[in-house]
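Quick look at what TrEMBL lists:
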DOMAIN    80-291  domain 'ABC transmembrane type-1'
DOMAIN    379-575  domain 'ABC transmembrane type-1'
TRANSMEM  28-52  transmembrane segment
TRANSMEM  84-105  transmembrane segment
TRANSMEM  117-139  transmembrane segment
TRANSMEM  159-182  transmembrane segment
TRANSMEM  223-244  transmembrane segment
TRANSMEM  270-291  transmembrane segment
TRANSMEM  321-345  transmembrane segment
TRANSMEM  385-405  transmembrane segment
TRANSMEM  417-440  transmembrane segment
TRANSMEM  446-466  transmembrane segment
TRANSMEM  508-531  transmembrane segment
TRANSMEM  551-575  transmembrane segment
Amino acid sequence: MTATALREPPAVAAEPVRQRRRPAATGLLAVVITVPALVIVGLLGVVVYLGFRAHGTPDGALTTGNFTVLFGDAEVWSVVRNTVVYVLVTVGVALFFGTALALLVERSDFGWGRTIATAMVLRILVPGFFTAMGWIFLFHPRIGAVNQWLMEWFHLSRAPVNIVSLVGMGFVEGLALSALVFGMVSASLGALDGSLEEAARASGAGPLRVLFRVTLPLVRPGLLGAGLFAGTIAVSSLDIPLIMGLSNRTYVFSSYLYVATNPSAGTPEYGVPAAFSAVMILLGVAFSLWYQRVLRSGRKYQVVAGKGHRPARIRLGRWRWAAWLFVGGYFLWSTILPVLMVVWMSLLPFVQKPSAAAFKVASLDNYRQLDWSFVERGLTTTLKLMVVAPTLAVLMSLAFSFVVVRARRRYRMVYDLVAFLPQAVPTTVFAFGAMIAALYWTRGWYGLYGTLALLVGVTALTQIAFGTRMFNAGLLQIHVELEEAAAMSGASSWTALRRVTLPLLRPVVTYTWLWLALLSLRDLTVPTLIGGQDTLTLSVASWTLFNSGQVGASSALTLLMILFMTPVVVLFLLLTRKNEGKAPV
């Protein structure tokens, strides 16, 4: 036999065993987030549907009468005018103080940037009703300490300042939101390449000309976003309108919705509030689409550079004293004095201005005489809400963001729009829709009306907008090549997500969870609208005491609530300092 004949035929390579293809993470997550997406859209759909039903009930006749009343009722138009004025004042005050402080920190040699940034974070975390109470004790026409002193010193017949007016309410809300504007504008200024500003100065332009012709146009999208954000929160906010406006019947949208659905006598009327809410949904979506368009057009302001060039800081020189006066006055009047007045009132048996005579009757009786079973009930609910709602919100936000940022299909932008709806549409509308849906469509063993499950679920849904903004930014900073490298080594998309992406996102996840937990603690809007006796939170307990005339007890409980917040705030600030640059904007 020849050598060729003796050779064995070459072995045929075995067919590779086909592994079952696992579904991609983005595909399964898209299916999972369809549920919360449908709930978000469904709650808004319920509100619109009831707007076309008589009396706002599901079994009511189909009608456009609610909208006829809405646009023809003088009282409703008064609420509309009040809301517009309130929001405009709020946005104006917030933009003025927030932008001015951001420019001082980012573009001048004033210094103290980290201290101011930390103080502004603390300012955001102070509940709105807390500072509202302080401002009432300072500038109420009848009981305000400053007004009483001014009337005594200058022999005035009437109080010179009325903080419980519509403009006063907007001013207090604007001060509360100025810290949020500061964070957003500071982030925009910090990321801005200053080469154009330097070029303008080199060509002879003065500081003010550079500010108005170069700096502010470059951060225009950030300013518009901050203004829209502040305006939406102002429309949604219930704490300041309730604390400052309810006693003199000065109603804005949120307080009107609360009073209409919680009348002191008679049956609640849901029809006109539903129609009003439907209009607010339309306006919210329109503003959201407009803002997205502004962001897209804002790309023409982008400056391309290899490394960000930091412009030379403006020397304040002899104007430094004015800057110190501005910063010191802001913190003194926006935070320090209101807090001190609440502390003072918590020590008194009744409201009175600081004096030697009042100091003699100061005591801790308001703390000793608190109904501790009432406080314990509020604390228990608050703890559950602080733990469960942010956890759900973080999980849902992560899923939304992963689909929006990592999926390669067009439907991802629909999910992004739906996730932004809780920010574009007032929170009060979502709470109203959830209350109506639970009241009419959940009964028996699955009844949700007035339950903790409903409160937690709605709170988590309204926090998705914030969570997705944070996680979208975080995922965009993690290059997809890391996940692709894991896939090349045989890891599934789920393994890559669990072993690569999530560990890199851990600081953002922790930061977001802590932030949402603190917002859950201070929130008064959702618990007031959909909560019940069994779901009382600390913020609602404090408001209930204040509304019933127990001012000292309410002040004492509010201070205890601040003490309860302190450990979480300290942890939050430590994490903020460790992970600078991840601002909640």
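Each Cβ is built from the backbone N, Cα and C atoms, and glycine gets one as well.
Since the structure is predicted, the reported quantities are computational estimates derived from the model, not experimental observations.
Within the same chain, the transmembrane segment (84-105) packs against the transmembrane segment (321-345): three or more Cβ pairs sit under 8 Å, each pair at least 6 residues apart.
Counted over residue pairs separated by six or more positions, the transmembrane segment (223-244) shares at least 3 Cβ pairs under 8 angstroms with the transmembrane segment (417-440), which defines the two as touching. The largest share of C-beta pairs under 8 angstroms with the transmembrane segment (385-405) comes from 508-531, of the ranges 270-291, 321-345, 508-531, 551-575.
For the transmembrane segment (551-575), the residues of the chain that approach it from at least six positions outside its boundaries are 118, 121-122, 125-127, 129-130, 133, 342-343, 345-351, 365-367, 369-370, 375, 379, 382, 386, 507, 510-511, 514-515, 517-518, 521-522, 538-539, 541-543, 545, judged by C-beta separation under 8 angstroms. Long-range neighbours of the transmembrane segment (417-440) within the same chain, counting only residues 6 or more positions beyond its ends whose Cβ lies under 8 Å from a Cβ of the stretch, are 37, 40-44, 46-47, 50, 56-58, 229, 232, 235-236, 238, 253-254, 257-258, 261, 270, 273-274, 277, 280-281, 284-285, 287-288, 397, 400, 404, 447-451, 454, 457-458, 461-466, 468-469, 525-526, 529-530.
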